Amino acid sequence: MSESFTTPVEGIMPRHIAIIMDGNGRWAEAQGQPRVIGHRAGVKSVREVVRLCREQNVEALTLFAFSSENWSRPAREVQLLMRLFMTVLRREIKLLKKSNVRLRIIGDISGFDDKLQQRIRDAEQTTAECDGLLLNVAANYGGRWDIANAAQKMCQLVQQGELDINDVNEQTMQRFICMADQPEVDLLIRTGGEQRISNFLMWQCAYAELFFSEALWPDFADAEFTEAVDCFARRQRRFGLIGAQVTNPN
Ligand code: FPP
C-alpha cells in the first residue's frame, strides 16, 4: 500500500464519488480460496479509498457493500458477509471517528437482524459529530427501492394533506431520496471489469461520469483511484447542454 498520491490532472476533483466494489469473489477464486477471503481482502481497499478521499478533500464517498439482490447468494456467503459487516463496524469505527469521517448507512436496514441494526445505529452515533469525509455505506440498498421509498414518503404527505398533489415533482421527490443533503454523485466507479449499474444509485447518478476499472476490488488502490479521478478531470460535463455552452457560458 503506497502512502503517496499522484496529483490528478488539472486538479478537478469530484465532490462525491460512488463505488461498486466488484470482483472480491473472483479475486479469491483465482487463488483457490473461498470467496469470503476476497470480501475480507476488500476491506483493505475500503480503508485505502477512504484515506485517498480524505487526502483529496472529497466530500462524500458512497460504497455499495450489499445490494437488495445479494440476499439470493448462497446462504453461507450471506452469513459470512453479515459477520464481516459486524466485525468491520466494530473494528473500524474508532479509526473513522479519529479521522473525522462520518459514517452513514443507506438502505433498508430493517432487513438485517437486530444485533446488526443496533451496531449500525451505534456506529452512526459514534461518528455523528464528525464533519470531514462523509462515508455512506449502501447495505440492503437498491436504486429502485430508494425511489419507491421516496415515493411512499411523498404519498404519505399528500394523504395527510401536507403536500399538494400538484407539488409532486422532481424537486419534491429529491428531498426524500437517500443522501438528499449531499452533493450529487459526480463520479461512479465500478471495479471488476463489468460495465453496468446493477440497481445502484439510479436517481443520484443521473449526471455522474462513469468509470469502469478492470481491477478486481481487492487490487484497487492508489494507482487505480488516480486513474479514475484523472479520467474524470478530463471529461467535459455538459448536463444536457452543448459543448460550446459549457466552454463559453456567456
Ligand atoms: C462484490 O464482489 C462485493 C460484495 C458483494 C461485498 C463487498 C463488501 C466488502 C468489501 C466489505 C466492506 C464492508 C463495509 C462495512 C464497508 P463479488 O462477490 O460480486 O465479486 P465477484 O463478481 O468476483 O463474484
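The chain as shown is numbered from 1 upward.
Just so you know, glycine gets a Cβ as well, placed from its N, Cα and C.
TrEMBL annotations:
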{"type": "ACT_SITE", "residues": "D22", "note": "active site"}
{"type": "ACT_SITE", "residues": "N70", "note": "active site, proton acceptor"}
{"type": "BINDING", "residues": "D22, E209", "note": "Mg(2+) binding site"}
{"type": "BINDING", "residues": "23-27, R35, H39, 67-69, W71, R73, R190, 196-198", "note": "substrate binding site"}
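The highest number of surrounding Cβ atoms within 10 Å, among the binding-site residues W27, W71, is found at W27. All protein chains shown were included, and the count of other CB atoms within 10 Å of the CB of I197 (substrate binding site) stands at 15. Checked against ligand 1, the binding-site residues S68, R190, I197, E209 give no residue with a Cβ less than 6 Å away from one of its atoms. Comparing Cβ neighbour counts within 10 Å across the binding-site residues G23, G25, the minimum falls on G25. With the fewest other Cβ atoms inside 10 Å of its Cβ, the least crowded of the recorded positions D22, E209 in this structure is E209.
For R190 (substrate binding site), the nearest neighbour among the recorded positions D22, N70, E209, judged by Cα separation, is D22. According to DSSP, H39 (substrate binding site) is assigned to a helical segment. Distance noted between the C-alpha atoms of G25 (substrate binding site) and E209 (Mg(2+) binding site) is 26 Å.
For S68 (substrate binding site), the same-chain residues lying six or more positions away in sequence with a CB closer than 8 A to its CB are G107, D108, G111, N140, Y141, G142, W145, N199.
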